[in-house]
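Annotated features, as they stand in TrEMBL:
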{"type": "TRANSMEM", "residues": "79-96", "note": "transmembrane segment"}
{"type": "TRANSMEM", "residues": "108-130", "note": "transmembrane segment"}
{"type": "TRANSMEM", "residues": "150-169", "note": "transmembrane segment"}
{"type": "TRANSMEM", "residues": "176-194", "note": "transmembrane segment"}
{"type": "TRANSMEM", "residues": "206-226", "note": "transmembrane segment"}
{"type": "TRANSMEM", "residues": "238-260", "note": "transmembrane segment"}
{"type": "TRANSMEM", "residues": "272-290", "note": "transmembrane segment"}
{"type": "TRANSMEM", "residues": "302-322", "note": "transmembrane segment"}
Amino acid sequence: MQASSAAAAWSAIKPAAQHTVQVQKGSIRRQRRQHSSVLQVRCYAITGDQHESIATEFEEIFKEVPNKLGAFYRFCRPHTIFGTIIGITSVSLLPIRSIDDFTLKALWGFLEALSSALCMNIYVVGLNQLYDIQIDKVNKPRLPLASGEFSVATGAVLVLTSLIMSIAIGIRSKSAPLICALLISFFLGSAYSVDAPLLRWKRNAFLAASCILFVRAVLVQLAFFAHMQQHVLKRPLAPTKSVVFATLFMCCFSSVIALFKDIPDIDGDRHFGVESLSVFGHGLLAFALWQRAQHCDVENKAWITSFYMFIWKLFYAEYFLIPFVQ
């Protein structure tokens, strides 16, 4: 009897229980679908934010690249770079006697000389900027270290990398004249700028001018001529009229550059105790400028800077003419 009663009771409540279970399962399915939809929406939102963030970062990078390249261009001091390119190209042509000398070996030797010299040029001007940050904030505030576009660490990396590349190219060339020129440039460039005992030669007017005069007028002419004549073309080293003329003429020209280079920097040099020629002889140089250019304002810093750059342009032009001197 009890078994029959239990069976009857189960038969009565079974449909209701099944219905309840089905309702619960349906509710669970709906909740899962709702949660899934919410998760999908959130994932799409997160993915969209990530894509937007990445796109923004790329836009900032693309905008930053031209600025960094422009800063690097100014860091290299382009007027000195142009002078190095034109000077070494001109001197490298002096040993050429005929069209037969224009070989791949000669081209490769020229490129070794030019690339190593350019790297050394960047080392020298970059090192000077590293030690002149405070002075350049007065004299040349647009330079990247003075303006803050480059950090000191970035400047140091660029300088060290340029030095390593220059010496490595020179050693790989196995050219004694080229290696000698690079090592002398390294020594004089370091002595000119590094603030250490017996160094920082730019403080002394005579030593500063001598560094510029020797590198631009003597070293470039003789060492790179010897590199092409002796190492590349395998000819006995013998000076020609053109290289003698180039050396003597550039001694005069480089003297003018050495004298005029400090005039635009007189404010910062005087403030930081750098005894350049312009600090000692500003009045004498101003008088000389007045005699040569009476219609110009010699007290105008912008005009003097422009005149200094004009001298560099004449310097470039003379190098174009030197190969024609026989």
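Indices start at 1 and increase along the chain as displayed.
Using the three backbone atoms N, Cα and C, a Cβ is placed for every residue, glycine included.
Among 108-130, 150-169, 176-194, 206-226, 108-130 has the largest number of CB pairs under 8 A with the transmembrane segment (79-96). Long-range neighbours of the transmembrane segment (150-169) within the same chain, counting only residues 6 or more positions beyond its ends whose Cβ lies under 8 Å from a Cβ of the stretch, are 71-72, 75, 112, 115-117, 119-120, 122-123, 126-127, 129-130, 133, 144, 182-183, 186.
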